[in-house]
Amino acid sequence: MCGIVGYVGNREASPLLIEGLSKLEYRGYDSAGVAILNDGKIKIEKCKGRLKNLENKLEEFPIEGGVGIGHTRWATHGEPSDVNSHPHFNKDKSIAVVHNGIIENYIYLKEWLGSLGYEFLTETDTEVVAHLVDHFYNGDIVKAVADAVEKIEGSYALGVVSKNEPEKLVAIRKDSPLIVGLGEDENFIASDIPAILSQTRKVYLLEDKELVVLTKEGVTITTLEGMPVTKEVFNVTWDAEAAEKGGYEHFMIKEIHEQPKAIKDTMTSRIMADSDEIKLDDINLTKEDLKNIDKIFIVACGTAYHAGMVGKYVIEKLARIPVEVDIASEFRYRNPILNERTLMIVVSQSGETADTMAALREAKKQGSRVIAVTNVVGSSAAREADDILYTWAGPEIAVASTKAYTTQLIAMYIIGLYLARLNDKMSVEEYRVIRDEMLALPAKVETLLENKETLQRFADANKNNDDIFYLGRGLDNAVALEGALKLKEISYIHAEAYAAGELKHGPIALIDDGIPVIALATQEELFDKMVSNIREVVTRGAKVLSIACEGSTAIETVSDAVEYIPRAIDLLTPVLSVIPLQLLSYYVSIARGCDVDKPRNLAKSVTVE
Ligand code: F6R
């Protein structure tokens, strides 16, 4: 996720911006830059790579000045590069802009501004903001920003400076974080409190569409219509480390809570309530191409593999194309049958996992087309695949994957729908039903995140068990596997997932008095069979926590505890049922005193075989 810092005051802006940006490094970034008002001009220095690169540049070519904006970029539109780094200029370099978020209608705005003569130098969505502010500028930068944001759809936190009004910094947010820091004869903006914590502990927490003007003398906040807004000063009492996690105790729980937004962002501008079109900018598969494809392989590791298992169900059900899911480390060595009639989908949060990359290269070598589903713009997977679908989860810091997984699920649904429409296997009416249900998912995840008591109680009661079993059928089986992986990696408890129907073919011998079993029963068609399977383990003494859809109260007769998820069509329940499993793992891990964010023996990106 991008990071923004801004400063207006009597001190030199440059070192304060760099220091602030360094405190936002935890958010992840691939490039950095600053714009500083200097001697009647705006000077920008920006570059791809670590903040240190920018710092070195600024040491070599210092920019003096007491007003500036800084940015760390996590690429979404356009690869990480010097030119795509923020800040961005308008055409005569009188206005500079930094942005965090996604401008959903940037293609429309780009075309419109292009027709007015604006030229675009970057691949970013942000550059439209610089030109838009320029378009509306008529001697008043505050009004120009207000007019510009009226045209923008999507999420944004913006910092804007103009050389014509060099004492001001204008800022505004919608659905992306931004705060104001209040100092003595100086003021700040930042994406997050840690960026300014060494300078001030007095902040304003901005609400959507509050327009802020900062000068060194003070801060004014108005509505877009110019009505004054009065705000209470928030005194930060957290220490720096707690502030980095936004008040959450660990990155994992923070990232679990970021899922409604990550899911929404991943659907943004691809599936829309008012359109029957699925827009995938980086997938160029045509009807003709698809006619020549008779098999799909989904290849991935770990959590991404579990998302691929859901992908198999979804694509086969919707697009009626046979799909095989493979663990990447196994794929290459089993002499897979690949050719130009095969489509491979690799799923990788990092886009750098060695085994997944090896599978991708093998497929390319054999003439297959490859789609990469990845969270990192410009990653190896994105560079080497033929087509890309980015998950817009933002950087994941905790080793245990949570928001990357749910956004990978969304990517699987989007691809499934896309292929089904391309393949003429789905009517518009059928599409609309699934699309509307998908668009409702963020709100449903939000509600789930409010119910934690049952899970906390179950975690506490079972934290000392040596084994925990997970059961599910169909899509619930895929989610059970992910739930078990999550628990074992962060709590070190032996957790095993089984297809519930397979239980009596061996694993049931492990069920004994007091063994905890997590049973997923969200698939309406399989519900009764699942209840029977639960009964089988209850009879042998298991303590069962069931995950079921609201209203499926019959489950209570065979469960010690039930966590209900909001109702959704069977196909989409994995996005919901995994949330309690993530939370449960988290609570067990902290109850056992484990290092939640950095579990033993694990690395975030596995770049060796
Ligand atoms: C588990 C986890 C891992 C990764 C796996 C693949 O929580 O994070 O299982 O899913 O190492 O990583 P990527 O998706 O980066 O290829």
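Using the three backbone atoms N, Cα and C, a Cβ is placed for every residue, glycine included.
Model, not experiment: these values are computed from the prediction.
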With TrEMBL as the source, identify the stretch among 37-64, 261-288 annotated coiled coil.
37-64
Inter-residue Cα distance where the pair is CYS2 (active site, nucleophile) and LYS604 (active site, for Fru-6P isomerization activity), in Å:
20
Count the residues of the domain 'SIS' (458-599) that DSSP assigns to helix (H, G, I), to strand (E, B) and to coil, and report the three numbers in that order.
76 helix, 30 strand, 36 coil
Run through the Cβ atoms and count how many others sit within 10 Å of the one on LYS604 (active site, for Fru-6P isomerization activity).
16
With DSSP as the yardstick, break the domain 'SIS' (286-425) down into helix, strand and coil residue counts.
67 helix, 28 strand, 45 coil
